[in-house]
Amino acid sequence: MRMEGKQLLAFILSFIKFQGCNRIVDRLILDFLPADMSDQKLFKKIVSQTNEYERTPVPTSELKSGKSFLGMYAGEHTAGTEFVIGPLFVAHGVAATDLILGLFIGNLLAVLSWGLMTGPIATSKRLTLYYQLERITGKSVVSLYNFINALMFCFLAGSMIAVSATAVGIPFGLEMPTLTDWYPKTPGWIVAVMIMGAVITLIAIRGYNQVAKFANVMAPWMILIFISAAFAALPQLGVHSLDEFVVAAKEVIWTGVPLPGISKFSVWHVIFFCWFCNMAMHIGMSDLTILRYAKSWKYGFLSFAGMYIGHFVAWIASGILYAVFLQTNANSQEFAPGPIAFQAAGVAGAVCVVVAGWTTANPTIYRAGLALQGIFPKTKTWKITAIVGGITSLAACFPALVMKLLDFVALYGLVLMPMGAVIFADFYFAEKMGFQPEQALNNKKAFTWPALAAWHITLVICWLLNYFYGLEIFFLGLPGWFIAVTLFVIFSKIQFPALRTKFA
């Protein structure tokens with residue numbers, strides 16, 4: 001039985017209501033709903049007690065306490081990606097002192113970005129990212145933004161499907177990809193990925209209350225599995241005391257020597273990756289959608305829970321697991337989170353990998369499908385979700401998506417960052433620099449070119465810096481942000497100079 005668009009919407013909203021999770025509501029669903037959905041009786045019935053304020057400021061009565069944001073950030077940043085990022089730092093030869101220093105400074109910069117950049121704008125405007133962009137750039141540019149966003153989501157979800165597949169393939173003795181693999185090596189890998197992708201896509205289409213209930217119970221415990229697995233694995237490295245751990249950290253785990261064929265990372269790589277791996281959310285302003293519910297702009301600083309409990313601890317723990325795997329398997333080039341976790345924590349570790357990848361891939365497929373559905377409102381959501389799932393599953397067959405996850409996450413943030421810079425400049429510099437704020441809204445236009453031009457020219461300049469000067473992708477976000485702000489201000493002053501009041 002095929003599910004109609006409104007039935008799928010019922011499934012989605014029922015699930016979100018069950019979860020009680022504003023983040024998923026905001027970012028995955030209601031920002032992308034077409035306006036004509038409000039005319040449907042089913043939709044009216046479902047949301048009769050739920051108003052997500054997609055095109056209006058969040059009222060004071062709906063603001064959330066700090067506890068909501070603390071738990072949200074801690075949970076969201078302990079996910080399937082952590083099983084990949086921590087081991088990749090080991091593979092790239094990050095030294096122990098560089099890792100600790102880089103994690104501390106980089107995550108601090110990320111927290112400051114949320115607290116000082118995203119939080120104040122979110123609590124001042126209390127609008128979603130997408131509606132705020134629409135007021136500045138017009139609907140046409142926002143549609144392009146959504147399309148690119150959806151493509152990025154597909155690749156991110158694909159990497160998480162591949163992560164889950166590495167655990168699913170354990171009982172079948174599946175040959176796992178290596179660090180240098182770009183293409184699938186065996187038919188078995190393709191079959192495992194496609195089956196996993198098909199199951200996740202089917203759930204994304206039909207709704208998954210029971211799985212969601214399971215994931216809701218498991219998610220808070222993932223960080224404990226990370227930590228307990230790391231502690232359980234330490235004796236295999238000869239560690240039985242803190243002093244022995246310090247020695248093993250420097251000489252066995254984070255040795256400062258990359259694996260063969262892998263580039264060397266310094267403390268600067270760690271700092272900038274930690275800062276910019278979530279660049280789309282803070283500097284890119286995606287979390288305007290979430291922090292608009294905050295009672296205070298200071299709630300942006302609560303992202304420390306995700307950065308230090310999630311990233312800091314989880315990346316160290318997964319790095320330890322990978323070091324044990326390398327020692328046991330004679331510095332094998334195989335890179336598979338499933339076997340790595342299974343070797344250290346047994347079935348619990350493998351299940352954690354499946355759940356972590358699954359619970360990351362599912363909402364990401366939703367996010368991509370509904371972003372595209374906002375662009376093609378006449379196409380049924382289940383059809384778009386099925387297409388997205390197919391593209392995602394196909395992408396997941398290529399191990400490069402996992403092996404190059406650090407680069408992809410950096411690229412994802414870089415591509416979306418200029419539009420965050422546009423919002424920042426519009427909010428802070430319009431009056432000071434002499435151009436009109438919210439240009440599309442104030443001039444009643446569906447398209448304005450300053451933001452689009454600033455976005456694309458910034459990315460071209462960043463590419464030139466990378467191609468001709470060798471500036472790695474991890475470092476491009478910083479100069480790119482200043483370039484985007486400068487270009488937007490200049491173009492806005494040319495096209496939309498501030499209106500001057502005439503006195504008689």
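Cβ coordinates come from backbone N, Cα and C, glycine included.
The transmembrane segment annotation in TrEMBL covers 99-123 (among others).
The feature transmembrane segment is assigned by TrEMBL to 144-174 (among others).
According to TrEMBL, the transmembrane segment annotation covers 186-205 (among others). Outside the transmembrane segment (186-205) by six or more residues, the chain places 3, 8, 158, 161-162, 164-165, 168-169, 172, 174-177, 211, 358, 361-362, 365-366, 369, 382, 385-386, 388-390, 392-393, 396-397, 399 with a CB less than 8 A from a CB of the stretch.
As annotated by TrEMBL, transmembrane segment applies to 217-237 (among others).
Counting only same-chain residues 6+ beyond the ends of the transmembrane segment (257-278), those with a CB under 8 A from a CB of the stretch are 77, 85, 89, 91-95, 97-99, 101-103, 105-107, 109-110, 113, 179-180, 307, 311, 331, 333, 406, 409-410, 413-414, 472, 474-475, 477-478. The transmembrane segment annotation in TrEMBL covers 257-278 (among others).
Sequence annotations record features per position, and here TrEMBL assigns transmembrane segment to 299-325 (among others). Residues 66, 69-71, 73-79, 82-87, 89-91, 99, 103-104, 107-108, 110-112, 114-116, 118-120, 122-123, 223, 226-227, 229-230, 233-234, 236-237, 252-254, 274, 277, 282, 287, 291, 332, 337, 339-341, 343-344, 349 of the same chain sit 6 or more residues outside the transmembrane segment (299-325) yet have a Cβ under 8 Å from a Cβ within it.
As annotated by TrEMBL, transmembrane segment applies to 340-361 (among others). Same-chain residues lying 6 or more positions outside the transmembrane segment (340-361) and placing a CB less than 8 Å from one of its CB atoms are 78-83, 87, 156-158, 160-168, 170, 200, 211, 214-215, 218-219, 222, 225-226, 228-230, 232-233, 236, 318, 321-322, 324-325, 328, 392.
Look at TrEMBL and you will find 382-402 (among others) tagged as transmembrane segment. Long-range contacts of the transmembrane segment (382-402) within the same chain: residues 2-5, 8, 84, 150, 154-155, 157-159, 161-163, 165, 177-178, 181-185, 189-190, 193-194, 196-198, 200-202, 204-205, 335, 361, 365-366, 368-370, 372-373, 376, 408, each at least 6 residues beyond the stretch ends and with a Cβ under 8 Å from a Cβ of the stretch.
Feature annotation from TrEMBL assigns transmembrane segment to 408-429 (among others). Residues 81, 85, 117, 121, 124-125, 129, 132-133, 136-137, 145, 148-149, 152, 155-156, 159, 273, 276-280, 282-286, 288, 401, 435, 437-439, 451, 454-455, 458-459, 462, 473-474, 476-477, 480-481, 484-485, 488-489, 492 of the same chain sit 6 or more residues outside the transmembrane segment (408-429) yet have a Cβ under 8 Å from a Cβ within it.
Annotation source TrEMBL lists transmembrane segment at 449-467 (among others). Note on the transmembrane segment (449-467): residues 133, 136-137, 141, 144, 414-415, 418-419, 421-422, 439, 473, 476, 479-480, 483-484, 487-488, 491-492, 494-496 of its chain, located 6 or more positions outside it, place their CB under 8 angstroms from a CB of the stretch.
The annotation transmembrane segment is assigned in TrEMBL to 473-492 (among others).
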Who are the chain neighbours of the transmembrane segment (217-237) in space, where the CB to CB distance is under 8 Å and they lie at least 6 residues beyond its ends?
74-75, 78-79, 82, 245, 248, 252-253, 309-310, 313-314, 316-318, 320-321, 323-324, 327-328, 341, 344-345, 348-349, 352, 355-356, 359
